[in-house]
Each structure stands twice: as structure tokens, then as C-alpha cells.
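**Q** First, the structure itself, so that you have it in front of you.
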Amino acid sequence: MTTTYDLIVIGGGAVGENVADRAVQGGLSTVIVEAELVGGECSYWACMPSKALLRGGGVLDVAQRTPGVREMLSGSIDVPQVLKRRNSVTSNWKDDGQLKWLDSAHIDLVRGHAVFTGPKALRVTAADGTVTELTANHAIAVSTGSLPLIPDTPGLAEAEPWASREATSAQEVPSSLAIIGGGVVAAEMATAYTSLGASVTLIARGKLLANQEPFAGEKVADALTKAGADVRLGTSVERVETADSGEGHTLLLSDGTAITAEKILVATGRVPRSGDLGLEAIGLPTGGWLKTDDSLRVLDADGAPIDWLYAAGDITGRALLTHQGKYQARIAGDAIAARALGRPVDTSPWGVHSATADHAAVPQVTFTSPEVASVGLTAAEAEKRGIRTRVVDYEIGWVAGATIHSEGYEGTARAVVDEDRHVLVGVTFVGTDVGELLHAATIAVTAEVPLERLWHAVPSYPTLSEVWLRLLETYGRPTA
Ligand SMILES: Cc1cc2nc3c(=O)[nH]c(=O)nc-3n(C[C@H](O)[C@H](O)[C@H](O)COP(=O)(O)OP(=O)(O)OC[C@H]3O[C@@H](n4cnc5c(N)ncnc54)[C@H](O)[C@@H]3O)c2cc1C
Ligand SMILES: NC(=O)c1ccc[n+]([C@@H]2O[C@H](COP(=O)([O-])OP(=O)(O)OC[C@H]3O[C@@H](n4cnc5c(N)ncnc54)[C@H](O)[C@@H]3O)[C@@H](O)[C@H]2O)c1
């Protein structure tokens, strides 16, 4: 039997849920197909458990720098309590709460793995082998996320390394952990596992957090080293050898040295989760990112949008972040409903049906100690785009709010100014608790607030936000 809905969403992660929610609110009957847990990677194996693992170390760092509180501290972090809290944050890897929400949002669910059988048609196979055929009146949206990239380094597969799922859901902390990669997962997991007592070695073939302003990775690498981690930058893993017992691994590095570790974590980026979707049945290459236009319609081989096929979230490769995927989801769900019901569609830049921010103002917080919070372009990216820029830096530790925040507060703020338009095109903060400063920057960059007007946005004294005033003063006060 074939069941028909106005919209079928493949993948019930944070992104798929939001596509479905907007479409239902727009008046469409909608079903989600989910192969694993409703809530997806972010809830169970990514954002939430990783932040729960990091939180204790972050609080301890501030407490140790707060006279009057540090005197109360004794012993080290209670690892079982941290893991218990992480287990509770993930609802012990059960999705009952999400099912209740789906019900309240009037979204149907079919559990199983979806494969395209033709345009607007899918076959779903459940874990028990039950097959459901689904067709869509209007659209199918793909939100199947991404999977870890595992390099083909000799001996690595045999070492049965952790990827992000194992690192975020581990029920024990290994005595030693070798982390391969220098991106966000590597930096955050190095911070978390060092705070939990593991002896961590981070091996990155390039710089740490290379997509950020250069001072970000430098400060995080320094802090990791101070916390006891061994940070090896510009170094590759050439081969891995595993003891005959299967316990303990030796990593042979490009600089001729070797390190040993109980566990290895591979954090070398992501690949699209599209290899098993049957995309060939609808004339698309298998295994790639699903490229989209700004209203999230998937593009065919000629770069033309397919009118019934949408994609949002990691699978698009646009910005592999939950909040940005959910932004795309709101736009996709609204665009699908509007087009289905013949309502006006606005795909002009910054229009309601255009994910323009993906190109100009993607915010990201890396929850290391210190945190890295950034939005928009780095100075190097702005220059590459041909923008005439001026870079303004200020030490966050010099503002009164930092003196109150904690002893020896160190941090840097950078604003990248478009000199022709007199607006900010990028802002980066590095320092403790700077994640909460970021949204002001996101608003300034997205709304293209003129610098002259920003002088009228007065930060409260004595907060860390006073760094905004100092950045403006460093840039120079406008004349009448
Ligand atoms: C360790 C780690 C930490 C992270 N921390 C953060 C963070 O702090 N903040 C942040 O913004 N981002 C973070 N991210 C990124 C974030 O997790 C992703 O951007 C986000 O999960 C993407 O959501 P999604 O819905 O596109 O995909 P997913 O969450 O991966 O959901 C896809 C869903 O589709 C299902 N599925 C796949 N194929 C099929 C199929 N054929 N049939 C049926 N179902 C299918 C899957 O089972 C899955 O549930 C982190 C990532 C990692 C790895
Ligand atoms: N706090 C957050 O917002 C957060 C946290 C974790 C992950 N994420 C997102 O999840 C995604 C995945 O994170 P990630 O850290 O895995 O990827 P990434 O792209 O941030 O970093 C990948 C790293 O692996 C290295 N690398 C790639 N291929 C390699 C190879 N063959 N050998 C050795 N090194 C190699 C790269 O040089 C880079 O340092 C990111 O896009 C990130 O935005 C976000």
C-alpha cells in the first residue's frame, strides 16, 4: 500500500523536524522518515553531549580564577557525575520526548531507512523488514545529515578508532587519547577529555581551528598545552600500529616521532550522508553533497533547481551547524508550503524565502577554554572577496567587565570593517564566556548596522560587552 502526504521529510534530526514543523504550520500534511533516533546527531551524539562533557571543565576554569571560590575547591572533577549529567542531557539516547513533540506538532513519523524509487516516491524499510511506500503530492525534503570522514591511513581502521559518536557517548574516560584533526571536534574533545583526566595528544596536519582568525587557534592551542595536552601542529599520522592484544596503539608521525595511546579519536571532518539514498533513481549522483539554491531547492546536474526536491542542514554542505541548518529548515518549510499553495514567494536576497545569511553571517561558538565565537568573514576571507577592509583588534582583558569576571582574564576581539560601506562584515571574540557576546555581533553583521549608529548602542558597565565600545574607539569616532 502507498501512503501519500503533501511533504515527506527524510531525516528527523533538528533540521528535518523544523522543515516539517514549518510546512505543517503552512497547511501541508507532512511525514518524517527517520532511521535512528528522532532528534538526530545534535541531540544524542554531537552538540548536546559534547557541551555537557565540556561544561564542568569550563566552570572549574572560572572557579580557579575567582578568589574566594577557588579556596573552596579540592580534588578534581567528579568524572562519573559529569558522565551521568551527559547521559541525562541525551535522555539516555531515547527519543520519547521528541515523539511527544511530533505528536503535538501534528507531524507523522515512519521509522525506517528511506530510499528514492522515483520522483516524489520513496520506499522505507523498517528495522524489522516492514516496507512502506510513500509518495508526495508536492515535495520531498532531504535532511539526512553527515557522517564522519575516516582517512585511509594505514593501520587506522584496524585500530577501531572512535569517531565523534563514540567520543561524545563514552561511558569511561580512557587513560590516554590521541586525537587526529585540528577542527572544532578535535579542539572541543581535546578540551573535554583533558579536563576529565585523560592524557591527550592532538595531531593536526595544519593549524588548529584554521578556518578562524589565526589568533583563535593559537590561544586555544596555548590553553590546551597549559592544561596538560600535547598539541602537535603541522604533523600528520603516517601509520598506526595496534598491539597484538588489541589494546594500545602507536601512531607514527610525519616528524619521525611516535606516540602511544589507549584510544584514538578521528576528527577529520564530515562526508554527506547520501550514499544510501538511492539518488540514482532520480538522476542525481550518489554520495555527494546536495547543492541547493537559496530557497533550498536541490540543483540538478545542470545547476537548475528541481521543483519538488529540497534539502536542508548538513547534507547541503552549506554550513555544518545546527542553528544554521534550522534557519535553512524554516526557509525550506515555508517555501515548500508557499509554492504548494500558490502563495507569494520572496527569494530576493534577505527575503523570507532566501537563506542569504549562509553567505554573509554564519555564527559559530567553539566551546573550548577559552571559547571562540565568530560571525561573518575573517579578515583573510573579506580580503579574498575583494572587500576594502580595516581590521580592529582589542584585548578583552582590558575592559572592566573582564576584571570582575575572573582573575587574569585573557581574550581578544577583532572586528573586520568594510571601509566602503562603513559596516562590520566579521567579528571574532576569543575568551572565557564570549559565546554569549556573539549574538550582538550577528545582529550588527546581518543588519549591516552603520558604524555611526553602533556608537549609540551603549554596552552596560561593567560587562564584557564593553569591548564593543573599545573596538569603536580603536577604530575612531566619526565626525559630523
Ligand atoms: C561532535 C560534534 C559536536 C557538534 N557541536 C555542535 C554545536 O555545538 N553547535 C552546532 O551548531 N553544531 C554542532 N555540531 C554540528 C551539528 O551536529 C550538525 O550540524 C547537525 O546535527 C546537523 O543536523 P541535520 O538535521 O542536518 O543532520 P542530523 O542531525 O545528522 O540528522 C539526520 C537524520 O537523518 C537520518 N537519516 C539519514 N539517512 C536516512 C535515510 N536514508 N532514511 C531515514 N533517515 C535517515 C539520521 O538517522 C539522522 O537522525 C556538532 C557536530 C559534531 C560531530
Ligand atoms: N561548537 C560547534 O559549533 C561545533 C562543534 C563540533 C563540530 N561542529 C561542526 O561539525 C563539523 C565537523 O567538525 P570537524 O572538526 O570534524 O571538521 P572540521 O572541518 O572543522 O575539521 C577537520 C579537521 O581535520 C583535518 N583533516 C581533514 N582531512 C584529514 C586527513 N585526511 N588527515 C588528517 N587531518 C585531516 C582538517 O585539516 C581539519 O583540521 C564542522 O563543520 C563543525 O562546524 C561544530
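Cβ atoms here come from the backbone N, Cα and C positions, even for glycine.
Whatever TrEMBL says is automated annotation, not expert-curated.
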**Q** According to TrEMBL, Gly181, Gly182, Gly183, Val184, Val185, Ala186, Ala187, Glu188 bind NAD(+); which of Gly97, Gly269, Gly275 is also listed for that site?
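**A** Of Gly97, Gly269, Gly275, Gly269 joins Gly181, Gly182, Gly183, Val184, Val185, Ala186, Ala187, Glu188 in the NAD(+) site that TrEMBL records.
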**Q** Determine which of Asp314, Asp334, Asp346 appears in TrEMBL for the same FAD site as Lys51, Thr144, Gly145, Ser146.
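**A** Given Lys51, Thr144, Gly145, Ser146 bind FAD in TrEMBL, the matching entry from Asp314, Asp334, Asp346 is Asp314.
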**Q** Under a three-state reading of DSSP, tell me whether Ser146 (FAD binding site) is helix, strand or coil.
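**A** Strand, per DSSP.
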**Q** Can you see whether DSSP assigns Gly269 (NAD(+) binding site) to helix, strand or coil?
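**A** Note: Gly269 (NAD(+) binding site) is coil by DSSP, not helix or strand.
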**Q** Measure from the Cα of Gly269 (NAD(+) binding site) to the Cα of every one of the recorded positions Cys42, Cys47, Gly145, Ser146, then give the nearest.
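**A** Ranked by Cα distance from Gly269 (NAD(+) binding site), first place goes to Ser146.
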**Q** Using a Cβ-Cβ cut-off under 8 angstroms and a sequence gap of six or more, which residues of the chain neighbour Ser146 (FAD binding site)?
**A** Glu41, Arg270, Val271, Pro272, Arg273, Asp314, Ile315, Leu320
**Q** My understanding is the cutoff is Cβ-Cβ under 8 Å with a sequence separation of 6 or more in the same chain; which residues meet that for Gly183 (NAD(+) binding site)?
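**A** Listed in sequence order, they are Leu209, Ala210, Asn211, Ala267, Thr268, Gly269.
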**Q** Please tell me which one of the recorded positions listed here (Cys42, Cys47, Thr144) sits closest to Ala187 (NAD(+) binding site), measuring Cα to Cα?
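**A** Among Cys42, Cys47, Thr144, Cys47.
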**Q** Could you state the whole-number distance in Å separating the C-alpha atoms of Cys47 (disulfide bond) and Val185 (NAD(+) binding site)?
**A** 10
**Q** Quick one: of the recorded positions Cys47, Gly181, Gly183, flag those whose CB is under 6 Å from ligand 2, and say none if nothing qualifies.
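**A** Within range of ligand 2: Gly181, Gly183.
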